[in-house]
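Annotation comment: TrEMBL describes Tyr74 as active site, proton donor. Annotation comment: TrEMBL describes His136 as substrate binding site. Residues annotated as domain 'NADP-dependent oxidoreductase' in TrEMBL: 52-304. The annotation signal peptide is assigned in TrEMBL to 1-23. The site 'Lowers pKa of active site Tyr' annotation in TrEMBL covers Lys103.
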Amino acid sequence: MDVVSLLVYLFLFASFNYVRVCATPLAFTLNDGNEIPAIALGTSLVLPVNHSLARAVQWALESGYKHIDTAPLYRVEDEVGLGIRNFLKDKKGDRRDLFITTKLWNDAHEMDEVVPALTTSLQELKLDYVDLYLVHYPMAYKRDGSISMTDYLETWKGMESAKNLNLTRSIGVSNFNIIQMQRLWDNSEIKPAVLQIEVNPTITQNELIDWCREHGVIVMAYSPFGAILGRKQNGPPPRADHPILTNLADKYNKSVPQILLRYLLNRRLVAIPRSTNKERIKQNIDIMDFTLTAEEIEILSSFNKNYRLRTPAKWYSHPYFPFEKKNLTDAEIQYIIEHSKED
């Protein structure tokens, strides 16, 4: 091979790999025409101490994140708002460049309760609008904790009103199953743009994700590391030291968490890692310079056990409970209800 041919070969090889790495965009287009960034900082299960979460939000935005995911349930919307304001002030940024997601909690599912609930969230965030508003769960509850029979189709009418009032640019749902998604799709004027569900190699959600692809619904993936990082010792394999994961990390000169996040992006899912550690926040978005092969995606997906990190058994009795139920006795469920620390 002469020098010219070699240079042409090297150029084509480099170009191919550049296109291959960039095949996953930094944002996905929603079915309403808006764009959603492909990585979001998650803010669930974080206890803000001395504005630690506000700092984490600011660090994330400074590191290149455009998307922050929160909810009233997490009790941190005020901290998220503070982090956003600090970033915009220090960096002289533009709110229009950011994408903020929050959610409707279970105790505000009546149609005329949706807009007031979102207004309260906006007051906490100190924002004029959010970019995405999600129904957190399909189940409605009264404020005293008793079951409400409010249909999520009625709730969705309130969500449509919120969008029409420009309080949110897009609307969607979270933790809906495929039957609920189809029913919502068939009975809505404004179609859901997003479904947020748990996805990682031990719960791949193939059928539900395929449905979403067919209907133009973007999937946001929470709990992207599942039990792999060892937070649940009774979870199925793999763990972070599994040879397949460590070999992939070595191959691409990345960490195991970065491999798991890239797995989601390769599947064209929005990843929602959470952290308040500045370096980990940076690492979690540093995944755009490599891509996994189709074979590697299949290998990681082969770990699937349909294992959920959280299945709130205290909600089993609700007719719209969206998940499979574990084999628990009534006494065990009652114990969980009485001792649950979650809302």
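Cβ from N, Cα, C; glycine included.
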Other C-beta atoms that fall within 10 angstroms of the C-beta of Lys103 (site 'Lowers pKa of active site Tyr'): 27
Pairwise CA distance, the residue listed as 'substrate binding site' versus Lys103 (site 'Lowers pKa of active site Tyr'), rounded so that it is a whole Å: 5
Distance [Cα-Cα, Å, rounded] between Lys103 (site 'Lowers pKa of active site Tyr') and Tyr74 (active site, proton donor): 10
Protein Cβ atoms within 10 Å of the residue listed as 'active site, proton donor', excluding its own: 21
Reported mean pLDDT - the domain 'NADP-dependent oxidoreductase' (52-304): 96
